[in-house]
Amino acid sequence: MTQLFYDTDADLSLLNNKTIAIIGYGSQGHAHALNLKDSGMDVIVGLYKGSKSESKAVSDGLQVFSVSEACEKADWIMILLPDEFQKDVYLKEIEPNLKEGKILSFAHGFNIRFGLIKPPSFVDVVMIAPKGPGHTVRWEYQNGQGVPALFAVEQDSSGSARSLAMAYAKGIGGTRAGILETNFKEETETDLFGEQAVLCGGLSELVKSGFETLVEAGYQPELAYFECLHEVKLIVDLMVKGGLSQMRDSISNTAEYGDYVSGKRLINSDTKKEMQKILKDIQDGTFAKNFVEECDKNKPLMTKLREENSKHEIEKVGKGLRSMFSWLK
């Protein structure tokens, strides 16, 4: 069985006397910076001039510099910017400030896996990737818990990159829950596949198609919303807590029987073949190439699809229902 590492496996003192620059102060940047700060680390933040996040970082008690200045001052650089912005920022602001002994780190392997960023051989290159959104990483840390994380070493110039990555994971609270070792290739490919085939692409289309099927058959849109979107969380929470078996133990026999006999009518060998094609596009770089080209053109297709999806009936119905849910306010 795959080994998980915990607090006793990581040495936080390895980060003593190191200045850690968090590049970006969004969801993950905010969580990493404050968790490391609360763990006793010397943390600074690197932001572009005029960033809306600057006032928040300052009010949180952090020193803010330009990205270039932060990277010059830092021993450890953690890039927490959107994937599509990392290459340009790296080339202009980060790479010129890399020196022997510095550590370059990421929370997702996209830019390393697909060769968009090519670090010099004299720095360590590691990844620490919490498996949860930034607000959860922060909230769990503040409550004495942690969010599981992945860690990986792409380049070990110092000979200590693995131990350093584990120390960083401890600093943000990851080892409280357990951290799992991987590599940049595996993390990137599985993360992209999960997003596209299951978590975002697959689930979104499944929910919309279910909603449309009921509405087109004459059922109330509000009931279709409840059955095909709202209750997804109830089922997923059961899965997360105890797997598919516990979920099935918690639902009615009617629902469980329907699960077995109808599920494979939707998700079958043909679906799996399409999943394999999606995975191949990720593995051979097709998806990355298309995404980079889309971003270079200022995201015209993505903008069009975002607008089209925002006008779907499920969004209008959901907005109206959620406004009446006291527990969501």
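Each Cβ is built from the backbone N, Cα and C atoms, and glycine gets one as well.
The active site feature in Swiss-Prot is assigned to H108; the stated evidence is sequence analysis. Annotation note: H108 (active site) sits in a coil segment as assigned by DSSP. Listed in sequence order, D83, M127, A129, E187, T188, D191 are the same-chain residues at least 6 apart in sequence whose CB falls under 8 Å from the CB of H108 (active site).
Annotation source Swiss-Prot lists NADP(+) binding site at Y25, G26, S27, Q28, S51, S53, D83, E84, F85, Q86, G134. Residue density at S51 (NADP(+) binding site): 17 other Cβ atoms are found within 10 A of its Cβ, drawing on all protein chains shown.
Look at D191 (Mg(2+) 1 binding site): DSSP puts it in a helix. As annotated by Swiss-Prot, Mg(2+) 1 binding site applies to D191, E195.
Among the features that Swiss-Prot reports, domain 'KARI N-terminal Rossmann' is placed at 2-182.
According to Swiss-Prot, the feature domain 'KARI C-terminal knotted' maps to 183-328, an assignment based on sequence analysis.
Max Cα-Cα distance over the annotated NADP(+) binders (Y25, G26, S27, Q28, S51, S53, D83, E84, F85, Q86, G134) is 19 Å. The secondary structure of Y25 (NADP(+) binding site), as reduced to three states from DSSP, is coil rather than helix or strand.
For S27 (NADP(+) binding site), the count of additional Cβ atoms within 10 Å of its Cβ stands at 15 [all protein chains shown]. Rounded to a whole value, the Cα-Cα separation of Y25 (NADP(+) binding site) and E195 (Mg(2+) 1 binding site) is 23 Å. For the pair S51 (NADP(+) binding site) and E195 (Mg(2+) 1 binding site), the C-alpha distance works out to 28 angstrom. Non-local contacts of F85 (NADP(+) binding site) by the CB criterion (under 8 A, 6+ apart in sequence, same chain) are absent.
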